[in-house]
Amino acid sequence: MELPVVLLFLVYGLVSGAKQPQGPRSPQESNPQARSKERESSEDGLERAFLYAGQRSRRAAAEPQQPDKCSYTFIVPQQKVTGAICVNRKEPDAALENRVNKQELELLNVELQKQKNQIETLQQLVEVDGGIVNEVKLLRKESRNMNSRVTQLYMQLLHEIIRKRDNALELSQMENRILNQTSEMQQLTNRYKDLEHKYQHLATLANNQSVLIALLEEQCQRRSVSPPRPVPVPQPRPQPPPPPAPSPPINKPYQPPTYPRLTNQITNEIQSDQKSVLPVIPTMPSGTGSPSITTKPSGPWKDCLQALEDGHTASGMYLVKPENANKLMQVWCDQRHDPGGWTVIQRRLDGSVNFFRNWETYKQGFGNIDGEYWLGLENIYWLTNQRNYKLLVTLEDWSGRKVFAEYASFRLEPEADFYKLRVGRYHGNAGDSLTWHNGKQFTTLDRDHDAYTGNCAHYQKGGWWYNACAHSNLNGVWYRGGHYRSRYQDGVYWAEFRGGAYSLKKVSMMIRPNPNTFH
């Protein structure tokens, strides 16, 4: 009986499926996912029908048998199942609950499996992230180490820079000390030589005076031993007067002595002791028949022009005493340069004198009168403030070309104004390289009065009326040959004549009372 019942349910299901209306499909039916869900539900229904068919057959056998009934078998054409196969039969509640629990268990198993997969994935990610974190930590540690190393190198670099700067400063200080010591040694050497010359001059003066005394004694003896003339005897022919004694050198008009060339400064002792060194010119007692001797004034003079007007036409060293000045000074007078009467205040010839000096040395003067020398700012001030003077600058290059620059007026302010320069209008063929310095104060290596942020005297290696810094530097370094190589323009140059990189061979600065005419 079980098989016919099963077939009956199958036939019933097919018939009920065939009777379903074939209307338009809903969106769920047209959707493939919806159809797959319906197919799964129909398969579940068939499974339940097969599962519970045996139970129903056993339950029917246990019931009291009823009289047989007629059964009908309908043969229907086979149709393709397109929808769900439903069995119109209620299942037992216990079986349905078991089925629901089984499905939930399967769903839970699936969900648990998914959770396990996700946990494994997360563990893998955690492992990967942990490696990345470790790498990041290592990179941070290396970065900190690199930063520490860079800081150490930077500190070492700073220490090295500071050390080099300190070494450069110490080297500069040592150079300055050596320069100062050299300057002091030169000053002492020059002082010794000047004292030696002073001694020689005094010895010569004493010798001349001894000769003069001997000549005077001889004349006195000749006069005292001459025999008396007898009265009865005719007067003898008058004897010619004894020849005058040869004039000693000191009986001549005084000419300032010329000393051998020195390479160092004129000391203040020589400047202050000129009056004591100046020999007293004695006069010879003239006989009755000896002609009178006219002598030229022996000075001192206000300047070289006054000496020229007094008849001293030879160039050389003269004693000068400016008006309102209580001091004597030795100057070189150039009487040959037309029209004469020039007082030389600066001269460069051969580089034998170092012009890189301090303020006090430039104030008092230094060098050799008949060679390279600087007259001194104080002396130039007293000279140029007694009347109006003009300035003549002569220049000569290494090819023998000579040019000049003349300024209608020239004077210096007092030391309280740091010997500020005042020059007038320019005339000449050398070019005007001094007007740019007009109104500027004098600057040396230890007194900075220029308009530059640094000290121009350190760069130009001299003393001058620097602006910021120079168009002319006649007290710079004397380089041989003209063009020179130096870190700074520190040569003896006149920018408008051969430029700042050309060191001139000869230069001189001379002043003369201004006759209001150009040279």
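Quick reminder: no glycine exception, Cβ is built from N, Cα and C everywhere.
Predicted automatically and left uncurated, TrEMBL annotations should be read as such.
Keep in mind that this is a model prediction, so the values were computed, not measured.
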From the ranges 93-125, 291-323, 324-356, pick the one that TrEMBL records as coiled coil. 93-125
Candidate ranges 171-205, 416-450; TrEMBL annotation coiled coil resolves to 171-205
Which value does the mean pLDDT take for the coiled coil (93-125) in this predicted structure? 83
